[in-house]
Every structure is written in structure tokens, then in C-alpha cells.
């Protein structure tokens, strides 16, 4: 059973969420539905860790806003999953949400598929046995916010550059929505995730061309994540201004000149 609390100053939204979740093929119990952050916190503070799995909260509410509510929850119940529900698509709200360690950022009107995926993720996490390392990662994500998520994304890309890239799989690994992690990464680095990965792959290809010159072009392409050597050849030329073959030849020539 997924135990959910809802905080939103619009009654129609609260009723809508309860209605939608009741029709999903998941066991969901709405344990509380409140019109402001203060009221929600007063009830949350009385609960134990086993009494709630997910808090879905609006940002703009009377008496206590969503971010203040999240701060209160994070101060005493670090393992509770939190999702922000907002009518605002401004990236600043999303950035603040990430900084507070939220699991997802939902926009009004509610996307039923995104809500279902959120609940399913919470359910899967709930069923996993406790792992000290996993718990530490969750805490770091909450405390480190956006910086942590972006740095983890970089580490994964640098480690798995030779594998077939799937944005959804990457997003699942860092615990974010795919479109959201894409926007966050671009905002923080100035590069898309794809462009960052291409940079890694081309750099690794250069290393292989100079350090293992006997490798065939298709072998290098496969090692850096490209199954099509023709595409790899064109991409390398676009990024470096020369083909892999010319790059290898140029390196050999320069090396011979230095050894004279």
C-alpha cells in the first residue's frame, strides 16, 4: 500500500488526485488531504516513517508554502518521497525543488501517466530492502540537490560511454524524469546530455587512435559506443575537422618529427 498525503489550496485538485489514484492498478491510500502547508505539517509531524510514503505538495499555498513544508519534512523525515505539484513551469521553481531533494516535479493540469510513473517508482523503492549505500545516496541527493544530480549524470556518462545510450535509463538511474534531467543538465553545464556524451566519446576515440594504432576504425567506433563506423567517421570529422585516419596519420607524423 502506497500511503500518500496531498497538500494543495485548490480543493478540485485535491479531489482530482484522490480520484485518479483510486482508479490506478496500484494500491494507493490517501492518508490526508489539506488546503495549506501549515495544516499538512501539523498532521505530518504526528506520523511515523511507516505511516507515509509520498507527499505531493503545491508550491503556492496560504499559511505555509510548499518549499517551507518540504524543509520541515526533510528536517525530520528524510526518507519520505516528495513530489511538487505546480501550475508554474518556470525553471526556477524546478531548480528549487531539486535543491530540496524532491523526487518529481508535476505540472497542472495533472498528467496521469507521469503521476502513475511516480507512484510506481515510490512503490518499487518501498519494496527494496534497506541498503546503507542507497540510503546515503538519497540523503546526498536531498542535501546536494541539483549539483549532485548533474555530477552523478556526468560520472555515469564517463563510465558507460561505450554502451548504447538511453535517456530513460539514465533518468531512472539518477531518479529523475527524463525531460527534467535534460533541462537541468543543459541549464547547469551549457551542454545537452547528448553533446556532453559525444565529447567524451570523441576524446576516448582520440586516445585509442594514438595509443592503440593497430585498431581498425570499426573497432574504435564500437569501443566508444557507435555500432555504425560510417556515422562515427562523419561525426569525428565534424568534431575534429579531419577523419580518424587523418588524425592517426597526423599524430604519427608529429611523433616521428619529435623523435628525429
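Every residue, even glycine, has its Cβ placed from backbone N, Cα and C.
Per TrEMBL, domain 'Response regulatory' is recorded for 3-123.
What TrEMBL lists as domain 'Cyclic nucleotide-binding' is 106-155.
The feature domain 'HTH araC/xylS-type' is assigned by TrEMBL to 151-250.
In sequence order, 7, 8, 9, 10, 13, 66, 84, 85, 86 constitute the residues six or more apart from residue 58 (4-aspartylphosphate) in its chain with CB-CB distances below 8 Å. For 58, the entry in TrEMBL reads 4-aspartylphosphate.
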Across the whole of the domain 'Cyclic nucleotide-binding' (106-155), what does the mean pLDDT come to? Round it, please. 71
